[in-house]
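Structure first, commentary second.
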Amino acid sequence: MNNKYMVSWDQLHRDCRSLCRHLINLEHEWQGIIAITRGGMIPAGIIARELGIRIVDTISVRTYSHQTISEPQVLNDVTATQNGAGYLLIDDLVDTGKTAQFVRERLPQAYFATVYAKPEGKPLVDAFITEVPQDTWIFFPWDLDLDYAKPISKHADE
Ligand SMILES: O=P(O)(O)OC[C@H]1O[C@H](OP(=O)(O)OP(=O)(O)O)[C@H](O)[C@@H]1O
Ligand SMILES: O=c1[nH]c(=O)c2nc[nH]c2[nH]1
Ligand SMILES: [Mg+2]
């Protein structure tokens, strides 16, 4: 994928808080949060803090190895709920929707929210905050490092 969408910690925090405002407006008493690990863990932590939710479980699903997609695999299942009723299910993003479809089958009653969504996957989630084009890879702050940026002009260092 040629295009990149770089997410800073600040932006991630702001986008998670925007998602929280949407979730608060639903006026629902959540039983707890289920994070889809690993990507959903940091958003789930921020959301748990903002909404005052202390029960946080995980379902560990792996669909990608670097940028290569394969069949979703459950590495560790959720234990807090059987069908997700009353639970918020949180992931960092939905891309093709393959992971979302798979997890929805496991937890059909959960309310599924992601912070970022690409067009193919967005019909599979109940809520998201920021849409990113399908041909763009999203880079999260936990995958990035502060590094030297080359000047835009190739003459700048002369
Ligand atoms: O909509 P999809 O095309 O299924 O892609 C979205 C999923 O892919 C990534 O997880 P990944 O499998 O890379 O594992 P990770 O969360 O441990 O990084 C991301 O965190 C989502 O869970
Ligand atoms: O870090 C990531 N960025 C993405 O755009 C993406 N799509 C699927 N899985 C992903 N992981
Ligand atoms: Mg993931």
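Using the three backbone atoms N, Cα and C, a Cβ is placed for every residue, glycine included.
As the structure is a computational prediction, the values presented were derived from the model and not from experiment.
Residues annotated as 5-phospho-alpha-D-ribose 1-diphosphate binding site in TrEMBL: R38, G39, D91, D92, L93, V94, D95, T96, G97, K98, T99. Sequence annotations record features per position, and here TrEMBL assigns Mg(2+) binding site to D92. Residues or ranges marked as guanine binding site in TrEMBL: D95, I138. The GMP binding site annotation in TrEMBL covers D95, T96, G97, K98, T99, W137, I138. The feature xanthine binding site is assigned by TrEMBL to D95, I138. According to TrEMBL, the domain 'Phosphoribosyltransferase' annotation covers 8-148.
Here the features listed in TrEMBL are painted onto the structure.
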| residue | record | CB count, 10 Å |
| --- | --- | --- |
| R38 | 5-phospho-alpha-D-ribose 1-diphosphate binding site | 15 |
| D91 | 5-phospho-alpha-D-ribose 1-diphosphate binding site | 29 |
| D92 | Mg(2+) binding site | 23 |
| L93 | 5-phospho-alpha-D-ribose 1-diphosphate binding site | 23 |
| D95 | 5-phospho-alpha-D-ribose 1-diphosphate binding site | 23 |
| T96 | GMP binding site | 15 |
| G97 | 5-phospho-alpha-D-ribose 1-diphosphate binding site | 18 |
| K98 | GMP binding site | 19 |
| T99 | 5-phospho-alpha-D-ribose 1-diphosphate binding site | 24 |
| W137 | GMP binding site | 14 |
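I138 (guanine binding site) counts 21 other C-beta atoms within 10 Å of its own C-beta, drawing on all protein chains shown. Overall, the recorded GMP-binding residues D95, T96, G97, K98, T99, W137, I138 cover a maximum inter-Cα distance of 16 Å. Only W137, I138, of the binding-site residues D91, T96, K98, W137, I138, place a Cβ under 6 Å from an atom of ligand 2. The closest partner of W137 (GMP binding site) among the binding-site residues, by CA position, is L93; the full candidate set was L93, G97, T99. Taken residue by residue with DSSP, L93 (5-phospho-alpha-D-ribose 1-diphosphate binding site) is part of a strand. The separation of the residue listed as 'Mg(2+) binding site' from T99 (5-phospho-alpha-D-ribose 1-diphosphate binding site), Cα to Cα, is 11 Å. Under DSSP, T99 (5-phospho-alpha-D-ribose 1-diphosphate binding site) is assigned to a helix (H, G or I) in the three-state scheme. DSSP states for the domain 'Phosphoribosyltransferase' (8-148), grouped as helix (H, G, I), strand (E, B) and coil, give 43 helix, 47 strand, 51 coil.
Of all the binding-site residues listed here (D92, T96, K98, I138), D92 has the Cα closest to the Cα of R38 (5-phospho-alpha-D-ribose 1-diphosphate binding site).
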